[in-house]
């Protein structure tokens with residue numbers, strides 16, 4: 001049964017960081033505020049996280065955490081791997097919709113702004129509504145972190161949390177770079193460490209990058 005007890009006037013933005021990486025977690029974050037609080041977010045300098053320096057993101061993150069409603073979830077590589085269609089799962093988008101729905105349940109916003117995982121925003125909206133347990137005005141948009149300040153705020157939270165977790169992993173596993181397949185340092189690290197049990201919990205199996213690197217290693221023999 002859908003619940004309609006929504007927080008009066010509360011708005012919420014959702015975004016992620018690390019969707020395309022091959023090493024480390026995917027972090028999905030939500031930031032909620034009343035409509036009359038939105039100018040405060042802009043005054044803090046909230047913008048698309050990709051346009052801000054790491055130091056500036058950290059500063060804004062701390063202010064968001066202490067002054068606004070903030071939530072986030074880190075999705076492990078193992079969970080991501082299990083959801084991939086190549087591994088028999090329903091796909092990464094479906095995983096994201098489920099995590100997003102879980103995150104915003106406690107906020108109960110009247111309007112939810114989402115940086116859409118799917119370029120078909122109508123389909124994204126429909127799939128997310130199916131996951132939610134309450135009525136809600138869901139607005140999915142492409143490049144939402146550039147279009148709405150709450151989505152931008154969520155992008156900052158997701159990026160800072162993921163960066164912190166990646167730094168902890170580097171201390172444990174060595175410098176693997178950014179964790180993205182386009183990063184030469186990440187590819188070199190994977191090529192040198194594939195097959196080691198110690199890294200298995202932290203990499204996403206089924207990613208094309210891994211399969212290509214495995215083939216590269218085989219071709220060397």
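Just so it is clear, glycine is given a Cβ too, placed from its N, Cα and C backbone atoms.
Among the candidates 115, 118, 120, the residue that TrEMBL names alongside 15, 16 for the divalent metal cation site is 115. Sitting within 8 Å of the Cβ centre of 15, 16, 115, and not among those site residues for divalent metal cation, are the Cβ atoms of 14, 17, 28, 29, 114, 117, 144, 145, 151, 154, 155, 158.
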